[in-house]
Amino acid sequence: MNIFRDKKTHINIATIGHFNHGKTTLSAAIAMTLANKKYRLDKKSIKVTLEEKNQGIGIYTHHFQYETTLRHYSHTDCPGHTDYINNMIAGISQVDSTILVVSAVDGSMSQTKEHLLIAKLLGISSFIVFINKEDQLDDDKFVYLVQKEISQFLMSHGFQTNKIPIVSGSALLALETLIQQPNVLRGENYWVDKIYTLIELLDSYIPKPKRKKDKHFLMWIDSVKFLPNIGPIAMGRIEQGTIKVGEFIDIVGFRETRTAKIISLEFFNQSCMQVLAGDDIGVSIEGTKNHNDIKKGMIISTPGTIKSWLEFEAQVYILKREEGGRTSPFFKGYCPQFFFKTTCVTGRIEAIEYTTGSKTWMIMPGDKLKIQVNLVYPIGIKKRMRFLIREGGVLVGVGIISNLIK
């Protein structure tokens with residue numbers, strides 16, 4: 001395995017934005033541009049991503065890697081369709097920064113706003129905007145108008161627009177050029193040069209993340225793949241700590257916690273003996289044979305460091321209508337979906353209390369309250385953990401766990 005981490009900063013990044021605005025095409029164009037410069041490319045992942053693009057809809061999050069002269073990137077291509085928002089939330093919950101893709105023809109759409117809001121609520125503060133499909137504009141002057149519209153949109157969501165880079169281009173024309181002319185150089189094609197500009201911004205604009213390498217090992221499982229004669233491989237990004245082959249971990253969530261041994265580790269299909277915080281990895285665990293043993297949303301962690309919980313208290317903020325939230329109140333007994341990292345679980349709101357301490361039975365959009373939640377099954381969570389609340393296709397609110405009950 002090429003150990004990049006001794007020489008290059010590792011960054012987890014995602015493409016987000018509205019359905020059919022070109023996220024997958026841009027992801028492929030970035031990777032193929034860097035492959036042309038002889039940097040590493042996970043060609044199998046790009047092939048799968050492009051096949052899904054040809055089917056006309058992105059359903060799953062796809063992961064692949066690439067390198068620049070300065071950094072190594074793990075790239076998550078998030079689905080934009082509203083029916084698969086659960087996969088998008090799971091994917092974006094584990095990244096350091098994002099590329100917001102907006103069509104120059106359509107401008108900001110419903111999923112543009114929701115994806116941006118989700119990223120903001122999950123604590124992602126740095127991102128780059130790529131205005132795609134520039135080639136479809138009749139006049140170059142329209143590019144400026146689209147940039148202005150995007151800036152106003154970002155400003156309305158509380159972002160400092162002077163600190164957010166905006167690049168325009170055509171991911172499709174760049175990708176077609178790279179496929180037809182694999183050896184095209186910078187300066188030889190206008191659209192490929194736009195991708196180079198974006199790549200330079202990835203290196204210069206996105207801050208170096210602070211990794212928690214000295215804490216106990218913790219990873220939320222994002223997906224599970226099955227390999228013949230091996231069994232399930234748990235995939236995910238390491239939240240904190242390090243782990244080695246042969247060490248023991250707890251499998252937490254959905255059922256009784258089990259302790260098992262790490263059989264093997266992989267980093268983008270390459271075997272390795274040790275992995276660190278921030279790495280996107282695959283883990284083979286002793287004793288896991290099927291979907292009941294290991295599944296998306298479970299946690300693997302250093303034994304005894306995290307538990308499963310059914311009930312918790314949290315401080316929450318309920319989004320207003322103009323923020324993309326509900327238009328009407330809800331009441332005690334309300335059962336939305338709660339999103340914790342890669343886990344989505346239904347919960348019942350059992351108690352509601354204002355910040356002043358007085359109890360209430362009704363929650364209005366814009367309220368800040370303390371709630372008590374009873375989940376339908378136990379999951380691995382911890383104090384001060386951030387989560388999203390969603391129901392009926394609407395982002396209801398955001399919260400932070402203040403107390404774990406049982």
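Cβ atoms are placed via backbone N, Cα and C, with glycine included.
Swiss-Prot lists 17-24, 77-81, 132-135 with the feature GTP binding site. According to Swiss-Prot, the feature Mg(2+) binding site maps to THR24, an assignment based on sequence analysis. The domain 'tr-type G' annotation in Swiss-Prot covers 8-210.
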Position of peak Cβ density within 10 Å, selected from the binding-site residues ASN20, THR24: THR24
Segment-level pLDDT (mean, integer) for the domain 'tr-type G' (8-210): 82
DSSP-derived class (H/G/I helix, E/B strand, else coil) of LYS23 (GTP binding site): helix
THR24 (Mg(2+) binding site) and GLY17 (GTP binding site), Cα-Cα, nearest whole angstrom: 10
Number of other Cβ atoms within 10 Å of the Cβ of GLU134 (GTP binding site) across all protein chains: 23
